[in-house]
Each structure stands twice: as C-alpha cells, then as structure tokens.
Amino acid sequence: MTVKTFRGSPALSEFRLTQLQQKCQQYQLPITSVYAEYLHFVEQKTSLVEDEIVKLQALLHYGSMFSELKPAGYCLIVTPRVGTISSWSSKATDIAHNCGLSKVNRIERGIAYYFNIERDLTEAELATLKDLLHDRMLETVLNHETEAALLFTQQEPKALTTIDILNGGRQALERANIALGLALADDEMDYLVESFTALKRNPQDVELYMFAQANSEHCRHKIFNADWIIDGKKQDKSLFKMIKNTFEQTPDFVLSAYKDNAAVMEGSKVGRWFPDPDGQYRVHQEDAHILMKVETHNHPTAISPFPGAATGSGGEIRDEGATGRGAKPKAGLTGFSVSNLVIPNFEQPWENPLSKPNRIASALDIMIDAPLGSAAFNNEFGRPALLGYFRTYEEKVNSFAGKEVRGYHKPIMLAGGIGNIRGEQVQKGEIPIGAKLIVLGGAAMNIGLGGGAASSMDSGKSKEDLDFASVQRENPEMERRCQEVIDRCWQLGEENPILFIHDVGAGGLSNAMPELVHDGRRGGKFDLRSILCDEKGMSPLEIWCNESQERYVLAVAPENLELFTALCERERAPFAVIGEATQAEHLILHDSHFDNNPIDLPMNVLLGKTPKMTREVLSKTVENQSLKTEGIQLKEAFHRVLRLPVVAEKTFLITIGDRSVTGMVARDQMVGPWQIPVSDVAVTTASLDSYHGEAMAMGERSPVALLNFSASARLAVAEAITNIAGTHIGEMKRIKLSANWMSAAGHTGEDAGLYEAVKAVGEELCPALGLTIPVGKDSMSMKTTWIDNGEQKSVTAPLSLVISAFARVEDVRKTLTPQLRTDKGLSSLLLIDLGEGHNRLGATALAQVYKQLGDKPADVVKVQRLKDFYNAMQTLVAEDKLLAYHDRSDGGLITTLAEMAFAGHCGVEVDISALGDNDLAVLFNEELGAVIQVADSQLESVREVLKAHNLLGITHQLGTVTADDRFEISRGSHKLFSEKRSELRSIWAELTYQMQRLRDNPECAEQEFEAKKNPDDKGLSAFLTYDVNEDITAPFINKGVKPTIAILREQGVNSHYEMAAAFDRAGFNAIDVHMSDLMIGRRNLAEFNAMVACGGFSYGDVLGAGGGWAKSILFNPKLHEQFSQFFINPNTLTLGVCNGCQMISNLAEIIPGTENWPHFVRNKSERFEARVSLVKINEVDSVWFAGMAGSHMPIAVSHGEGQVKFKSVEQFAGLKAQGIIAAQYIDNNGSPTELYPANPNGSAEGITAITNLDGRVAIMMPHPERVFRAVSNSWHPENWTEDGAWMRLFRNARMVF
C-alpha cells in the first residue's frame, strides 16, 4: 500500500492563529507569524486513477471559511498519535467507501503548522513549541509529511507472554504486577499463586490482566463490600449493605436495583413513538418505565480532559442502553469538581495556585476541555444535557497533623441520566447453551488499556506511561449506530433478539464478556481472531483487554442471528460473533493465529473466590476555628461570592450542550424570557403526546465534609429534595436516588468518615424519608501525590457525595422556576427556613472566598420538617399556588434572591429583621430552605397549606418584587445593601465571559458579555400573524389517504423521532428511511410525497457538516438520479433541518432554483451553540411558510456549523434579489442581527432559512420539530396551549396534498 497526501483548507481562524502566536511570544520563541492548514493522508490499496483522484479531492474539500495562504516557513505536522486510529479517520474512511472509493484503505488527517522564524530554534525551544501544538496523550508531531507513513504502519501480531510463577513463585507475579500496572493487592497475589499452582500451569499475561481489571476496585467495589472494624469495634454492615437498606425499607416503585447496568423504576403509561417493522412510525400505548444511572470518569479526565469526559458520558449512555434487554437513553446530567481555576488576568483573592504533577491537566484546562468533551458526545449521540453542577475547591485546612491541602487535583467528572424501558424488557433473559456471543460496535484498538486498574489507584501511584496507555478515544456517531440497533431490537417486543446485553467499559472485553456469561450462569468459548481489530499487531492481551469505546456484548439465540445481522447491516453498525455460551462455567479464548489458548480458566478462579477485604481504621476529629467575619464588608463579600464558580453563572458550560433534541425537554437549565441558567430541576415529557414526565435534580455539599462527614451527606440528599420539590411528583417515595461517593480511601480519618456518612444516609436519613438508593458508584482514590523539587506533595479531595434524584412527574406543565414575575399583580417573597435560625457559616461560599473553613456547618435540623416541606411544596405546586420557587444553597439567601431577580429581570426589596441579628450569617448561611413568590391574592391560602404542614413557624415574609433595576436588602429602616440588579448580573456573568474568552472566539464572548449588561433587554417574545391554537388541517382528519413523507436519516442523524411526530400530527404517514435503504433498493424516494432530511451529526460532521452525506448521494449514480428526479418533480416537497439543511445545501446542483444558495460553515464563535433564538418570518413564495410572514417567535438552535458562506458578493446579492430568505435571526427588539448570541452563528444579516425559487424546497438551521409542542419550548407565552408556534410549518405542508 502507498500513502498519498492531499492539501486541505486552512485549519485555524485568525483569532486562533493570533492566540497561538501570543503563546509563542509568551515563551519568547523567535516566531513572527504562523499559518495552519489541514493535510490528508490517504492510504491506497492500489493507485487511484484520475477520476478517482478528482472525486477524492472533492470529498476532501470542505469547511473552507478562513483566508488561504501559501504554505511557507518552518513546518511541523500534528497528527493523531502514531499507533492509534482517530475517530475522524474511521468516519472519513466510511464516507469514501460509501462514495465508491474502494481503493482507499484509510484516510487520516493532520494539521501542518508553518512558522516564520527569526533564527533556528534551540532544542528546548522546539520542545516548548511542540508542547504548545499538541496533546501528547492523543497526538504526535511529525517533522515532514513523508513521515505520515508511520500512521499506517501495521505490525505482525504480537505473541503471549507467560509469567513463570511455577519456578519464580510470587516474586515473578510481583514483577508482573508492577510492569503491567495491575494494582493487585497482596492477598490477591497470594490467591493467584495458589490458584495457578493448583491448576499446575503458569498464567498468561492476558489472564492476569483480565483478573486485575475484573477484580479492580473500579469494577468490583471492594471497599463498599468490605468488612469494617472502626476504633477496634467490628461493624455490623458493609457500606453496600447500608445502601441496600434503603431498598429493603422502601422497595416501592423499584423494578430493578443493584443487578444491572442501571436501576429501573415505574414510569407512566403513555403513547411511545417509534417505527414498526414496516417502517411507519406509530404510537404504542405502554408503560415507559424510567431507568437511571450516574457514573464517574475521574482518572481519564485528569489525564486527558476532552476524551476522558467524552468517554465518561459515552460509557454512561451505554450503561443505560444495555439495561434489561435493551433500553433507550433519554436525557443527561454532568458534574465537575476541580481545584481553583486561576484564570489568567482573573485571579481571585481566595486562589493561591499550588503546583501540580505534569501528568495531569490543570483545573483550568480541565474546565475548558472536559465539558466540551462531555457535551460533544451527548450532542453527537443525540441526548440533551439538562442538569449539572460545578464546584471548585483547593485550600489549606487543619488536619490531624498540622495543615494539609484539600482539593480536586484529581477531578470529579460525573456523567448520568435517565432513559426509558419497556416493562417486559426490564429483566435480562436466559442465555441458552450455544447462544451466540456478540460484540456490537467499533473495532478494537490499542487504547485505553488498564483503565479499571488505573482508576483504582491514587493519582501518582502508577507509571506515567501506564496513564498514557489508559487514555481512551470517543466516537459518539458509532455509539448512535449501535443504539439504533438496540432500539430496533427492543421495539420488536417479544421478538427482541437480544437475550442479554452489557456495555463494554473498564477492562474492555476482559471484563464485559466474563460478566455476560457469569451473570447468565454460563461459560464461554471465544475466538480471539473473530474480534474486529483495526490494528493487526496487537497482542492477545491488547485485543482482549483494550477499552476501545462504543461497544456492547450481547447474547443472541442462533435462530435470531439472521434477524440481528439484518438490523446491524441496515444501521451500518459493525458487529462480530466471537463465541458461544457453554454449559461448563469455564472461559476459553482460542487464538487461531498462534493456535493456542491465551485464556483457559474456570470462571470461579476469575470471579468466584477472590479474597474479601477487611478495613480496620480509626476515627479522627479535627479542631477548627469559627469563621472570622470582622472586617468583611457585605458588598465586597457578595461580589466575591458571585464570582465563585459554584455560585457564578455557568452559561459557558450549558450552551455548548444540546438541550432540545428528542422534542421532549420540558425544563432545561435556562429559565424565562432572559434565558438565565438557574433552574433547580430538569424535566422531560414521557412521550411526544403526554404531559406525564420525568424529573432529575442534584445535591452536593462536599466542603462540609471537612467539618462533618455525616452532615455533608445529609445535606446532599436534602438539597436534591429541595431542588426537585418544585415539580409535580406526588409522594416522596416516588423519588429515587443515585449516590456517587468519592473518597481518598486510606487517608487518615477518611475511611471512618466515609462509613459515618454512608450510615447517616443509608441507615438513618433515607429510611426516615422513605427514599431509596437503587443505584450508585464509588471512586475511592481521590488523592494526588507527586514530587516537586525533591519535596513530597499531595492534594486530597474532601469526602464527596453527589446525589442525583430521579422521579416520575404527574404533569410537567406545573414545574416552577426561579423566575420572579412582575406581570401577576402584587406579590410577596417568603423564606421557608428549614435551618430554623441556626444560620451556620462553616464550609460556606462566604468562608471559601475568605480562605476560611469555619467550624459549624449547616445540617438537616429536623428530618420530619424536610418531609413536611416537600409535601407542602407538592400541594402548592399541584394547586398552582406559587409564582416562583428557588431553594437556598451555595451562596446563601442573598444568592437565592439575586438569581431569582436575574431570571425575572426585576428588582427586589427585602427586610431580614426577622431572620437573626448577624447580617452576614443571615444572608450567607447555606442552611436548607427555599424562597417562594406568592401572589398577594393567594397569600392566605398558601399560609394555610404551610400551617397544615407545620411550616408556618419557620416561614418569614421577606419583601416584594419590583419592576425596577434595584436589588435592596434592609434591616428595618436601615438599608444594608443597594445595588443595580444589572450590575450584579454582570459580576455574576464574569466567570462565563472569562472562560469563553479563553476557549471561544473572544469577539463573541465580548458581545455576549455586553448584551448581559443591558438593563433594558426585553427578553424573548412572540408575535404571531396567525392563531397558534388553530389546526388548519382539521378538515383533512379521517378523510382520504394520508400523504407519505420519508423521514430521511444517515448514520449519525439523531432528530428523526421528533421530526416524524411533528409530521404525523400534521396528517402525514411518517416512514423511517435510512440511506442504506435507498442505496440497496429497499426504498425509493418515488414512493413518497415529501421528504425531510433530519438533524444530527451524519458521519460525525466529518468532511464538513452534511458534506459527507451529500457527497455519498452525488457520487453514487443511482442515488444521484433518484434524488434529482425527486427534486424536479413539481408534486413533491422537501425540508432540510440543521444537518439536513447542511446536506441539502450541498445538493444545490441537482435542485432547481438554488443557484444562489450558500453553504454552511463553522459558527463564528467556533463553538457548538445550543440556544433559544428569536427569528422573523419573511414574505416568501413558499408553501412551508404560508400565512406566517411577519411573525417573530422563539425556536431551538443546536449546531456547530450554521454560518452561511457565499461564493461571492454577487451570489449573496442574487439570493436577496430572489426573495427566498424565509427567516432571519432577530434581536429582542425585533431587528435582524449579526450580533452574538442573538445571532448564534454569525450568518450575514441573520439568514437562517431559505427556500428554492418555487418554494417547494426549504432548508433551515433551527429546529422547528423540537418545539412543535408548546411544552417543549424553554419559554413560551402563556396563551399557547398544546401546539407551539412552529406546528404551523408542518401543517402548511399537509395543506398541499
């Protein structure tokens, strides 16, 4: 094979080049200018002929939006790490093959950097420059393009290694333990020596590696299952038994706990929406039970933040999909705890930057890259991210031996979510003897080795090269393909071919396959060389144990293999049958290449008889001083608190994540017309036709554990309850919790503290409240150690419990938000003080910003009061008695009130006289409680409800809401604090601005920051020129044959369900059509009246968003003809939305009347943008927008490449002259705009929807299908009932037929 190089488009925008040059200057490198462009390296099986080269060059021409320069100067080429295959490569190669380029073996991409230099670089300068250009965990720097052949080097398969314990004894195993990074404990090594001596043979490296992964703390939770002796006294229960006690006390509504990849609870009976085997989407009335899971991915995120967090989210999504016999992930949550950010030029008074080991990323780098990784995976998979938390902590505090640093050098990266599952699919099936054992998903690669064992070690205990080996690689588009297969399977009901399914996570197949057959009470016989592999030189250990992502293991009965194969082929999801289930509980892995058995073990050696841990520990107490508040000024204190990340505005973490996909999001983080990120709870509808739903909320108060372990745990549970209380759930037993425990096991005092905290929750608080914890996770190695200039250093995380609460929702429309209302007449603000006046300041945000800890933290004062509070809120919510609700948490009462005022774009006047004598304690304590806004006309009835629940005595009337721009706090007649709300809002927004300035286009960051300062911003609004509640298709109901529409999707598309639902509601028969159906002739576009190309990430947006999809049509003669005929047929309609818009714009050459259409390129911000944007509908001659001209209304936006790009000024002028610009982004005053974020992508004159000349073909970047129901709009006017404003677009299409 030979490698050919093709130049690509410029890789970096001007501001990215400027940033790079500034970094070079910062390190005093002699560089005067820099330019970067993509290089494509194509490995050919045989030489391409001229027309194939032309086709390939067209394929590799994409995304050219920056100025192209002639490459010149000193060159360095950054490529994916040699020996790995990037996900970009996998998808680009797929596109080439689907375009008929069968001679292409693989395509890889690099970036060539060209530097003008004043003199030759020294070796040290060159090393610095390379560090600036690449991530050593993921990338390689080449000196010349001829070295690109290294990217395609294939080696001969490596052989097994045998560890000679029969002759070398335990010492041989100890050497292997260190060399392979197995993290085996002493008793485990004794066990292995004993086991293999009894088998009379030496172990192979793969067997030891498999054992280490399968029995790591990460996978087997040995500490939570251990026996405990504390202060010399044997404890009755393990940690896990105390957690299980919550289920034993309150099993109500739980369908599955502790035995599967996720827990399941009862959901609502609704009309679930999916296609039947004939391809037509239909409603299926059935229970949509709720599954829940929350994972952590801390170690990989510390080592390489983007892929670490991405694969964290991906692994949790797989856990959900692999529940029962297959389930559907629905909505996600994310959380991060890191040390202090220390943002350049934004350093804060409480931040004293400490050093860190080189092998881990800084807190700032983690919070720039990790949220992008997590969001990117969720976005591309098609799961909305609706909830999260973000905490920073790093401080020297008192310890049992002087001072020590507590913080999150080893971060917490939390990924979780909910999904739905059919009742009959909740329990896994039996695995019959002879069942086919299958790996579904991508090929094995030599990455992510040892993740389970590495995650189980304190950061610093493993070798850096082992950290390097445990980095993983994400390919969410592949996971989407696999999920589509799983969906097709469970949608078959009783005919579901999946009997048993697990995801492949830590330990790779070495953990997943033994777990699969063990759980099915079987053994397995496997063929190593049947496993799909992208790297032929891998050893048996590397093939069996690597953690290549996006894979599942399944058991399928032999008679159903043909059906399963057909489903995979349609979705283009790779799979391999690698073995069969056996009656004997024995594991055999045969290697046909070397004709040996790398594994030949009884299952009980691997999983059955491993030693049980006993932990003998001492409890410790630390003396702490009370908070010193002398000299602290209220104004300065509040400004500091508003800048503390746990309190500050977190828009930079939210708008990078899709929050509208599925069309079932009823409450995301952004609240009200001003889209302020202060929601307490995330809410989804259970289906596309129901008001039943699901809710998620979180609770986390980890700094409190530095003062009181059990109080921290109780507060986490209680805060999750006060967060979720503002939606309509019913009895508290309906709420189920996930508990994620992070601890530095073995650190003095932490083990006993962990036991105390688990007992407080599992044995006491949750049983008293009737709460169940059916799922959770532990991470027991939260300590970082390193040597700095010969000095031993360490940073230890506080005991951290993150509680995620999940519940069925009776009516999603009743969900309250913190938005204060000024349009509801006179109203009052009430504080329900569950802290009962204790006003403790220990471990608060106030303490943190003054580099203190304090001594007494908040706690649950009375458990019954918490229950009464929840029940009272449920009554008030159900009866629509409240206008706004917000719990008191980080930052205290003053923050609660400020966030409510920000959301309402209004002022408040409150008097704190009744709350205590100490102003700082009253305003900044973080005791449990909530502020409610009540219309004065409802005040008496609300008081009656509070009285009935014994809360009136702890309820205090604070003051009123005002329509002006003042935030005022008084004590009687004395004004304590008075400031413009808009100025406080600006301070609160500084963190987001600073992070966006570093991460995104600084010009966009500046524009958004300025927009937030505007006290006169009108917020979102809607003006419709038609009646939103009129169904213009009503005369067609039940009359005649419905027109059919092809709901067209390609691999990676994710918005087809809601699109089909919108067209079905408008009166179409919606048919699921995959591009593979058209390619092989299962379907033909001639069958359909209309076609819609749906949104998502076809081919992961590789080769330009929508570009690969379009080129697979243009370069396929059969598809080219089929699409051409459809477009010229005057009796058809076509719609393209988001990715479908991008794709159809690339088909302009075969669509009549599109000669002036633009292409769509990367957003000006260079960031995926998920926003609610205002658009104006123009007067165009198009059936799609009939009767809508002059309207302006909100719409969901979710894209990374939505900026229009014209070939010339003349083309742009031609488009305007033709009058086919259907919609434009407008600002909150109604004027078309190019300012960010009202215009989320920077398109000229706000262009966002276009038609062809005769109006039959329309393309648009925003998502009307996600907001066709009023309830799925983040904000909408109250006179909208069931239908959203965009339902008219779909009904307009129906009027044609």
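Here the Cβ of each residue, glycine as well, is placed from N, Cα and C on the backbone.
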Determine which of D519, D527, D880, D887 appears in Swiss-Prot for the same Mg(2+) site as D680, E719, N723.
D887
Considering all pairs of residues in G308, A309, A310, T311, G312, S313, G314, G315, E316, I317, R318, D319, S889, annotated in the record as contacting ATP, what is the maximal C-alpha distance expressed in whole angstrom?
32
Could you pull out which residues elsewhere in the chain have a CB under 8 Å from any CB of the region 'Disordered' (303-329), counting only those six or more residues past its ends?
135, 137-138, 256, 260-262, 264, 291, 293-297, 359-361, 365-366, 368-374, 376-378, 381, 383, 413, 415-421, 425-429, 448, 467-468, 470-474, 476, 479, 482-483, 486-487, 489-490, 496, 498-505, 549-550, 552
Under 8 Å Cβ-Cβ from E316 (ATP binding site), six or more apart in the same chain: what's there?
K293, V294, E295, G332, A415, G416, G417
Length of the line joining the Cα atoms of N723 (Mg(2+) binding site) and C1138 (active site, nucleophile), in Å:
34
Look up D680 (Mg(2+) binding site) in the DSSP assignment and report helix, strand or coil.
coil
Given the recorded positions E719, C1138, H1263, E1265, tell me which ones have a C-alpha lying within 10 Å of the C-alpha of S889 (ATP binding site).
E719
Let me know how many other Cβ atoms fall within 10 Å of the Cβ of N723 (Mg(2+) binding site).
25
Across the domain 'Glutamine amidotransferase type-1' (1045-1297), what does the mean pLDDT come to, as a whole number?
97
E1265 (active site) has how many other Cβ neighbours within 10 Å of its own Cβ?
31
In whole Å, note down how far the CA of H1263 (active site) lies from the CA of G308 (ATP binding site).
30
Within 8 Å of the Cβ centre of D680, E719, N723, D887, which other residues of the chain have their Cβ, at the recorded Mg(2+) site?
V681, A697, M698, G699, A720, I721, T722, I724, A725, G726, H886, S889, A930
Find, among the recorded positions listed as R318, H1263, the one whose Cβ has the highest number of other Cβ atoms within 10 Å in the structure shown.
R318
